[in-house]
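Visitor: When I checked Swiss-Prot for this same protein, it listed these features:
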type	residues	note
CARBOHYD	Asn42	N-linked glycosylation site
CARBOHYD	Asn118	N-linked glycosylation site
CARBOHYD	Asn333	N-linked glycosylation site
CARBOHYD	Asn341	N-linked glycosylation site
CARBOHYD	Asn348	N-linked glycosylation site
CARBOHYD	Asn420	N-linked glycosylation site
CARBOHYD	Asn478	N-linked glycosylation site
CARBOHYD	Asn524	N-linked glycosylation site
CARBOHYD	Asn659	N-linked glycosylation site
CARBOHYD	Asn704	N-linked glycosylation site
CARBOHYD	Asn723	N-linked glycosylation site
CARBOHYD	Asn779	N-linked glycosylation site
SIGNAL	1-26	signal peptide
TOPO_DOM	27-577	topological domain 'Extracellular'
TOPO_DOM	599-607	topological domain 'Cytoplasmic'
TOPO_DOM	629-632	topological domain 'Cytoplasmic'
TOPO_DOM	654-819	topological domain 'Extracellular'
TOPO_DOM	841-947	topological domain 'Cytoplasmic'
TRANSMEM	578-598	transmembrane segment
TRANSMEM	608-628	transmembrane segment
TRANSMEM	633-653	transmembrane segment
TRANSMEM	820-840	transmembrane segment
Amino acid sequence: MNPKKNNNTFLSYFVCLFLLLEVGLGQNQISEIKVGVVLDLNTTFSKICLTSINLALSDFYKDHPNYRTRLALHVRDSMKDTVQASAAALDLIQNEQVSAIIGPIDSMQAKFMIKLANKTQVPTISFSATSPLLTSIKSDYFVRGTIDDSYQVKAIAAIFESFGWRSVVAIYVDNELGEGIMPYLFDALQDVQVDRSVIPSEANDDQILKELYKLMTRQTRVFVVHMASRLASRIFEKATEIGMMEEGYVWLMTNGMTHMMRHIHHGRSLNTIDGVLGVRSHVPKSKGLEDFRLRWKRNFKKENPWLRDDLSIFGLWAYDSTTALAMAVEKTNISSFPYNNASGSSNNMTDLGTLHVSRYGPSLLEALSEIRFNGLAGRFNLIDRQLESPKFEIINFVGNEERIVGFWTPSNGLVNVNSNKTTSFTGERFGPLIWPGKSTIVPKGWEIPTNGKKIKVGVPVKKGFFNFVEVITDPITNITTPKGYAIDIFEAALKKLPYSVIPQYYRFESPDDDYDDLVYKVDNGTLDAVVGDVTITAYRSLYADFTLPYTESGVSMMVPVRDNENKNTWVFLKPWGLDLWVTTACFFVLIGFVVWLFEHRVNTDFRGPPHHQIGTSFWFSFSTMVFAHREKVVSNLARFVVVVWCFVVLVLTQSYTANLTSFLTVQRFQPAAINVKDLIKNGDYVGYQHGAFVKDFLIKEGFNVSKLKPFGSSEECHALLSNGSISAAFDEVAYLRAILSQYCSKYAIVEPTFKTAGFGFAFPRNSPLTGDVSKAILNVTQGDEMQHIENKWFMKQNDCPDPKTALSSNRLSLRSFWGLFLIAGIASFLALLIFVFLFLYENRHTLCDDSEDSIWRKLTSLFRNFDEKDIKSHTFKSSAVHHVSSPMTQYIPSPSTLQIAPRPHSPSQDRAFELRRVSFTPNEERLTTQTIHFEDEESDIECVVEQ
């Protein structure tokens, strides 16, 4: 064998083996990726989370040993300082060139780090910064691996809706953590009055007590607390000391506090939060979670042997966030040199002018956004770079227990703890709900302020109308004592309440008598109520809630009255309007014609010369007005029409008489003006009460501002009206009635009345006193006490006639009676149709004759038939008998009577005559008839012989 050849072969094998080893080593090479961690290392909270982060990496790479990347943690201490946290992040980016940052702990530290991450394109994932304010900072490189605080506000709103609480005080800390949730909470609780109570983040015990004592003086007893858990724990301790954890109070904690409250107490009793409700995100139970808790506890004890604490939800979020970051890094395949070189160089780690930009930041962010897995805290699914909204648990702290009393989900809302059906806490639930003070009764959410606190009631100072409200202030004691109609009703209503309310009155003076500023004081908390002649308006209701009105509502017009005794010459025409007069006259003519039509052939009263028939018809029709007609109606159709018409006439005459009486008596004193449009058209001056909303109302109605004159009292109004300065005074009905109680014979209230809401008492929005006082006002106004109060302040008014007694032009019009005329018209029309049908049927041979006569001749013949007597009518047959004298009379008739009568016209114009002979005997009346016909070309004579 050739030694040289063997050496070459050996060398070739060696080279191949070397290359294979290089390839294998290259394939198994592990890349170390630097990741920064910014925590407050001296806090237990950060130690808990750091243990979870280390365990997350250990578990992840233990489960995936073949992954080519490994996260190398570079931990920095933020020292509970925002500036230090930003400096730590800058150091990690500039000097360590980390690919991502985990942290910081709170939202305040995250605010600057987000901007830094956006500038350097380094993804920053936080598992504990929950403030919604961070979402408003425009940055694509901030990832929230925790729950946004705004997610829970709908669950809180559902609790309020379930219990019906109408007001709440939001107690929050004055930083990004507390302020971030407030806009969302206010929006969710739109139907609830939300007040604020801000606690400084570094508040001492005295500051906390001062704020709590201030809250005790309010009516609201429902509090929502949102702040760091340690500060909240101190607030609950002080609230317990001063008695704010007793029966009647409601305390509700937000998500982060509910999760952390047990950790803050470090195993101590939870008595300071006994009966408190809490909202927290739901963590599904799993075998993996229980296993992790055991391993976490062992590791935490090794790393921190002097601490005793439990795993919190934030530790779980830290674990899941770290796991998600490791998965995204592996998916991105980041190299060891992740940064592009910045222009310039500097050795200063805080030099902002030479910031490096991560090459793999966009890819890592995209990979992180696509990560989906079931984590220890629940489903890890990022939507817009933050965790999706989870299910929330409703927790009730009872002793040392945390009872789950319900759930809330985005899709189903509140869900009973024992079922999947939507429900409320007032229905079936898992165990009783315990409230502060060990009470099982749902608090109503408000109480009258304790410790003898009085409600501050504002009372307006008026220049007139003192019977409504008058304020008297003692110059020595400076004690304000109001009196008047409004004050008496208010105090009577307070006595009807099931609890004691002590009003403390404060006078309010306004140069322009405008009550809007007084209502504003209720809105800003200066006053607890406003009592007086305050009109309820839509604008004022934006700033306060009003009770039910305690006076008659409406704006009306008051004018002087004048005696019209000498101006009533034509007063008899006033009860009816022109349309009613014309319609009635037309119907009189119509009814007269219809009755004549029905009676002409069968009733001798309606026969004779034309002028006699016309006179009889009109006489009969108009005489029905006084039921004085003496003509007998024999036709059934005419009787039907007359009966209907008599009913119409009866109603018309009675209405006319009643209205005429009103015009001759009540309306003898007529108002000087009765129409608003006439006042505007004539340019008359009108008055209004100074400072009242009526001025704006009059301008809206069309009055010129220059034509408006104010008055401040009933005396001023009387002076303006009496001397002619104004033609009318506009004000609310209650004021006008007060004026009439003094001058009832001189003025009158004229319709129409424009609707308003009336006078009411103002309370803060959503105040529970509003509804209770409204109910009390109803009790007062419906009882005898109201009459006593009215007599006390408006005694003379009872002696005046009703000021609204039809002083407007109340003529009766056709609109009031068109139904009657419709009935009469239909009755006449139907009767006329029946008559025409019967007449045409009887004379059908005239119309249907086959002769060559023209239509006109046939109609003429038909008219002649109508004009003749209907011999077949029973009226004429009976008249022939009754015209003969009775046998008991002394009159002896002639032996016989011969009557020749023409028969109805035949189509051939033949004539027939009836010959009658009537004979009598002393003892009986006997009538015989014999018909004899004489026929020729000219006539056909019928001879009737009566024997």
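Each position is counted from 1, following the chain as shown.
From the backbone N, Cα and C atoms, a Cβ is placed for every residue, glycine too.
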Visitor: Which of the three DSSP-derived classes (helix, strand, coil) applies to Asn118 (N-linked glycosylation site)?
Guide: helix
Visitor: How many neighbouring Cβ atoms, not counting its own, are there within 10 Å of the Cβ of Asn659 (N-linked glycosylation site)?
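Guide: The answer is 18 other Cβ atoms.
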Visitor: So if I draw a 10 Å sphere around the Cβ of Asn723 (N-linked glycosylation site), how many other Cβ atoms end up inside it?
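Guide: A 10 Å sphere around the Cβ of Asn723 (N-linked glycosylation site) contains 8 other Cβ atoms.
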Visitor: Around the C-beta of Asn42 (N-linked glycosylation site), how many further C-beta atoms are within 10 angstroms, looking at every protein chain?
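Guide: For Asn42 (N-linked glycosylation site), the count of other Cβ atoms within 10 Å is 11.
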Visitor: Taking just the CA atoms, what is the gap between Asn524 (N-linked glycosylation site) and Asn723 (N-linked glycosylation site) in Å?
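Guide: Here the two Cα atoms lie 45 Å apart.
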Visitor: Using C-alpha atoms only, work out the spacing between Asn723 (N-linked glycosylation site) and Asn333 (N-linked glycosylation site) and round it to an integer in Å.
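Guide: Distance (Cα to Cα, whole Å): 99 Å.
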Visitor: Among Asn118, Asn704, all listed as glycosylation sites, which has the most CB atoms within 10 Å of its CB?
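Guide: It comes out as Asn118.
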Visitor: According to DSSP, folded down to helix, strand and coil, what is Asn659 (N-linked glycosylation site)?
Guide: helix
Visitor: Might you list, by sequence position, any residue in that chain lying six or more from Asn779 (N-linked glycosylation site) with a Cβ less than 8 Å away from its Cβ?
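Guide: Counting only residues 6 or more apart in sequence, the Cβ neighbours of Asn779 (N-linked glycosylation site) under 8 Å are Ala493, Lys496.
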Visitor: Please identify, among the glycosylation sites Asn42, Asn478, Asn659, the one with the smallest Cα-Cα distance to Asn333 (N-linked glycosylation site).
Guide: Asn42
Visitor: Enter the number of other CB atoms within 10 angstroms of the CB of Asn524 (N-linked glycosylation site).
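Guide: There are 9 of them.
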Visitor: Taking the glycosylation sites one at a time (Asn333, Asn478), which has its Cβ surrounded by the most other Cβ atoms within 10 Å?
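Guide: Compared across Asn333, Asn478, the most Cβ atoms within 10 Å surround Asn333.
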Visitor: Roughly how many Å separate the Cα of Asn42 (N-linked glycosylation site) from that of Asn118 (N-linked glycosylation site), to the nearest whole number?
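Guide: So the alpha carbons of Asn42 (N-linked glycosylation site) and Asn118 (N-linked glycosylation site) sit roughly 28 Å from each other.
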Visitor: Take the topological domain 'Extracellular' (27-577) and average the pLDDT across it for me.
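Guide: Across the topological domain 'Extracellular' (27-577), the average pLDDT comes out at 86.
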Visitor: Determine, to the nearest whole angstrom, how far the Cα atom of Asn118 (N-linked glycosylation site) is from the Cα atom of Asn704 (N-linked glycosylation site).
Guide: 63
Visitor: Cα-Cα, whole number of Å: Asn659 (N-linked glycosylation site) versus Asn478 (N-linked glycosylation site)?
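Guide: With the alpha carbons as reference points, the distance is 59 Å.
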Visitor: Using Cα coordinates, what distance in whole Å links Asn478 (N-linked glycosylation site) and Asn704 (N-linked glycosylation site)?
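Guide: Given the Cα positions, Asn478 (N-linked glycosylation site) is 43 Å from Asn704 (N-linked glycosylation site).
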